[in-house]
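Q: Once you've had a glance at the structure underneath, I'll fire off some questions.
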Amino acid sequence: MNSENFSISEKIVSASYIRQGLQARRSHEQLIRLLLEQGKCPEEGWSESTVELFLNELAVMDSNNFLGNCGVGEREGRVASSLVARRHYRLIHGIGRSGDIAAIQPKAAGSSLLNKLTNSVVLDVLRMAGVRSTSSCFVVPMATGMSLTLCFLTLRHRRPKARYIIWPRIDQKSCFKAMVTAGFEPVVVENLLEGDELRTDLEAVERKIQELGAESVLCVHSTTSCFAPRVPDRLEELSVMCAKYDIPHIVNNAYGVQSSKCMHLIQQGARAGRIDAFVQSLDKNFMVPVGGAIIAGFSEPFIQEISRMYPGRASASPSLDVLITLLTLGANGYKKLLKERKEMYTHLAKEVRKLAEGHGERLLNTTHNPISLAMSLDSLEVRNPDAVTQLGSMMFTRQVSGARVVPLGGEQVIGGHTFRGFMSHSESYPCPYLNVASAIGITHGDVALCMRRLDKCLRSLRKGVGPEEAGPEDTCTEPSLVE
């Protein structure tokens, strides 16, 4: 209610009570006012009632919610199901216009305001997480792979002669398909094995630039967050190389926002050389449903150019999800999650090392990877080559999600390119291994349960019990190495 309605209410209910309610309402409004003024993530998270009040205020600004609205067009925000309408807080029109995803929608002032505020809050969080010189970003309703494709298609207009994208190998299908879908030829550069780690072969990247000619290279497509034993690319050196040859540089930062090390690499790369855009997933970094990403960079005109490349209007759901999440957590809540994730990485590494040693294996030394860990499976391979893949099946049936078993000699054809040793980021990694990751939101309970089930699976395989014979919790009587 506005102040006039509160005054009228005093004639119905005791004025002192009404004034108390008015003060409570103003507390909510003060938080909203600060958000509108500053465009930053609030330090302390909001209550659900404040978030819902804010979203309802935005919704009544959209034409589909106007009292007496008469819609005679083909897109009037009509929704058949009231459940769907409530799920979207009646913000039905989406974001953008047919020519620009960032444009104001005349029929939807509330949804447009939501979009602008979300981008502003997300920009604040990216800076807070470590890339302080980020100048612009926007939330796009596509996951990381298609968002990378959008970046490549935008560069096509700047570099019409370019055919190739130079890509230090990472065995993840969507980032490879992003280049093929955009109509370019990926030039795969194999990684160097340094100890247990797979690292960027800088000399090979430069040779490829020289062989192909800088004008025929659309960009270098590098990676931060990745499965061990691959570690983040040498971003600073690649950025300097891109500046030297005047080649764009796009960074796949899929789940790197949660890692201060990955964000530092991007910041240093932009400081020392050239990074045109970096792309990150919403679900992996902010614990929201799959379907959105953030495209960010250091040149506001280029980021705006990418946003204008998006054809048509777009769903507001990813923007709504991440805004609700960040307003609820607040900056301090998100920082707390980042701190806990880093602490859990140390704990997870300790537990994996202990378990590995108990089974004659070892935790691979991949200290440059701040999120993912890998444990060797040499003894399984020696005992029975099929046991490695059996372990993956056994973990899956025991409801351990995210653990990734990588056998030797895998092969995969993607977009006409054959990857030998697929999943290991290398044609000939020296041992099979298992991946686990300390990602945002992981708990001590997750680690303890994973280690207990992994231990039981390894002991079953050592006894020759396959995935079909072993039950969901494998009641082996041997004492567990992690209990």
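Each residue, glycine too, has its Cβ placed from N, Cα and C.
Pulled these features from TrEMBL for this protein:
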BINDING   ARG75  pyridoxal 5'-phosphate binding site
BINDING   ARG97, SER98, GLN105, ARG313  substrate binding site
BINDING   ARG271, ARG398, LYS463  tRNA binding site
MOD_RES   LYS284  N6-(pyridoxal phosphate)lysine
REGION    464-483  region 'Disordered'
Q: Given the recorded positions ARG75, LYS284, ARG398, which one's Cα is the least distant from that of SER98 (substrate binding site)?
A: ARG75
Q: Over all shown protein chains, what is the count of other CB atoms within 10 A of the CB belonging to ARG313 (substrate binding site)?
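A: Excluding its own Cβ, ARG313 (substrate binding site) sees 21 Cβ atoms within 10 Å.
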Q: Nearest by CA distance to ARG313 (substrate binding site): which of the binding-site residues is it, out of ARG75, ARG271, LYS463?
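A: Among ARG75, ARG271, LYS463, ARG75.
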Q: Quick one: largest C-alpha distance among ARG271, ARG398, LYS463, binding tRNA per the record, in angstrom?
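A: That value is 55 Å for the farthest Cα pair.
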Q: If I take the alpha carbons of ARG271 (tRNA binding site) and ARG97 (substrate binding site), what is the distance between them in whole Å?
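A: Rounded to the nearest whole number, the Cα-Cα distance is 34 Å.
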Q: With the cut-off set at 10 Å between Cβ atoms, which of these binding-site residues ends up with the most neighbours? Options: SER98, GLN105.
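A: Per the Cβ count, the most surrounded site is GLN105.
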Q: For LYS284 (N6-(pyridoxal phosphate)lysine), which residues in the same chain are close in space, meaning a Cβ under 8 Å from its Cβ, but six or more apart along the sequence?
A: SER225, ALA254, TYR255, GLN258, ALA439, ILE440
Q: Determine the most Cβ-crowded residue among the binding-site residues ARG75, ARG97, ARG271, ARG398, LYS463, using a 10 Å radius around each Cβ and all protein chains in the structure.
A: ARG398
Q: Identify all same-chain residues not among ARG97, SER98, GLN105, ARG313 whose C-beta atom falls within 8 angstroms of the centroid of the substrate site's C-beta atoms; report them in sequence order.
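A: Along the chain, the qualifying residues are GLY94, ILE95, GLY96, GLY99, ASP100, ILE101, ALA103, GLY312.
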Q: I need the CA-to-CA distance for ARG398 (tRNA binding site) versus GLN105 (substrate binding site), whole Å please.
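A: Cα of ARG398 (tRNA binding site) to Cα of GLN105 (substrate binding site) measures 48 Å after rounding.
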Q: Just the number: how many Å between the Cα atoms of ARG75 (pyridoxal 5'-phosphate binding site) and LYS463 (tRNA binding site)?
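A: Cα of ARG75 (pyridoxal 5'-phosphate binding site) to Cα of LYS463 (tRNA binding site) measures 64 Å after rounding.
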Q: Would you mind pulling the longest C-alpha to C-alpha span across ARG97, SER98, GLN105, ARG313, which the record has binding substrate, in angstrom?
A: 10
Q: How long is the line from the C-alpha of LYS463 (tRNA binding site) to the C-alpha of GLN105 (substrate binding site), rounded to the nearest angstrom?
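A: On Cα coordinates alone, these residues lie 65 Å apart.
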